[in-house]
Amino acid sequence: MSTAMNFGSKTFKPRPPDKGSFPLDHFGECKAFKEKFMKCLRENNYDNSMCRLQSKDYLECRMDHQLMTKEPLEKLGFKDLMDPPPSQAGKDNKA
């Protein structure tokens, strides 16, 4: 009977959530961004390519409020929506 009550032999080791899963926004910190994104999707027949700016803003909000891991936006597929670095911004106008 003592072997059946041996709870101490296994220890719980917490691990981070799988990539792509993240906490819910319980306090509504990014609700406005989510609503703009969802409205854009509805207005564009759920074509997410038409709502990339809203998607980027929503993900930035989630990262800023620690609702998901900070990732470079380039890695999330928004490289084309990024502002050029200040050192390159003036080069386009000098040609």
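Just so it is clear, glycine is given a Cβ too, placed from its N, Cα and C backbone atoms.
The domain 'CHCH' annotation in TrEMBL covers 30-63. Across the domain 'CHCH' (30-63), the DSSP tally of helix, strand and coil residues reads 29 helix, 0 strand, 5 coil.
Annotated region 'Disordered' per TrEMBL: 1-21 (among others), in sequence order.
Residues or ranges marked as region 'Disordered' in TrEMBL: 76-95 (among others).
Within its own chain, the domain 'CHCH' (30-63) has Cβ neighbours under 8 Å at 22, 69-71, 73, 76, 78, 81, counting only residues six or more beyond its boundaries.
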